[in-house]
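Marked as domain 'HhH-GPD' by TrEMBL: A:38-185. If you look up TrEMBL, you'll see A:187, A:194, A:197, A:203 marked as [4Fe-4S] cluster binding site.
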DNA sequence: ATCCCGAGGG
DNA sequence: CCCTCTGGAT
């Protein structure tokens, strides 16, 4: 795919949704980190309900440590995978206190060393809390990038690097959200809605008849 | 490749 | 009822 096509694609996605944002609620880097950690395989709406209960009680690493694992689990029990997430968040809080003065570190290496924080979560933190130009490639972005031809790659790292290289600068910050929204509502995994897709004429996906 | 695992929607 | 939701660790 050429640069002009990419530019046109993001121009249309931007027109469709001028100001895309995370729907996760947070006020501090730590609140963002905890929310993103909790958001794996969960909806933002669901995470917000849990953090609305948790943060008034505890919104710092030390406060969550003081809360204790059982109380933490009780507060986030409405989210899927809550058991693992509570254990990971608790270990992460201990590491933040013991190794980083209670603050959220701003490097990929330090972030990915935290339990429950992988490449995708680290990219979100680096981008949203530290303003770094990263691309958090999730299942939606991976699928949409490969199907459309915006950035083809065999794994998320390859897609991530191609997106960083090829998405026009002006669109880079919001591209993340546009691709996710497009993947969720139009370029659906099982059955893409090519008929109602606004970039259908610019898309590489040629196998539409089989899955449509 | 498999486990974790609740809420909301079709 | 079945499926998915901005994954990560083993």
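Glycine too: its Cβ is placed from the backbone N, Cα and C atoms.
Feature map: annotations from TrEMBL on the structure.
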residue : record                        : DSSP class
A:187   : [4Fe-4S] cluster binding site : coil
A:194   : [4Fe-4S] cluster binding site : helix
A:203   : [4Fe-4S] cluster binding site : coil
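Taking the Cβ of residue A:187 ([4Fe-4S] cluster binding site) as reference, residues of its chain lying under 8 Å away and at least six apart in sequence are, in sequence order, A:140, A:143, A:144, A:147, A:148, A:193, A:197.
Long-range C-beta contacts of residue A:203 ([4Fe-4S] cluster binding site), restricted to its own chain and to partners at least six residues apart, with a cutoff below 8 Å, comprise A:147, A:148, A:149, A:194, A:197.
A mean pLDDT of 94 is what the model gives for the domain 'HhH-GPD' (A:38-185).
The Cβ neighbour count for residue A:194 ([4Fe-4S] cluster binding site), using a 10 Å radius and every protein chain shown, is 18. In this view, residue A:197 ([4Fe-4S] cluster binding site) is surrounded by 19 other Cβ atoms within 10 Å of its Cβ, with every protein chain counted.
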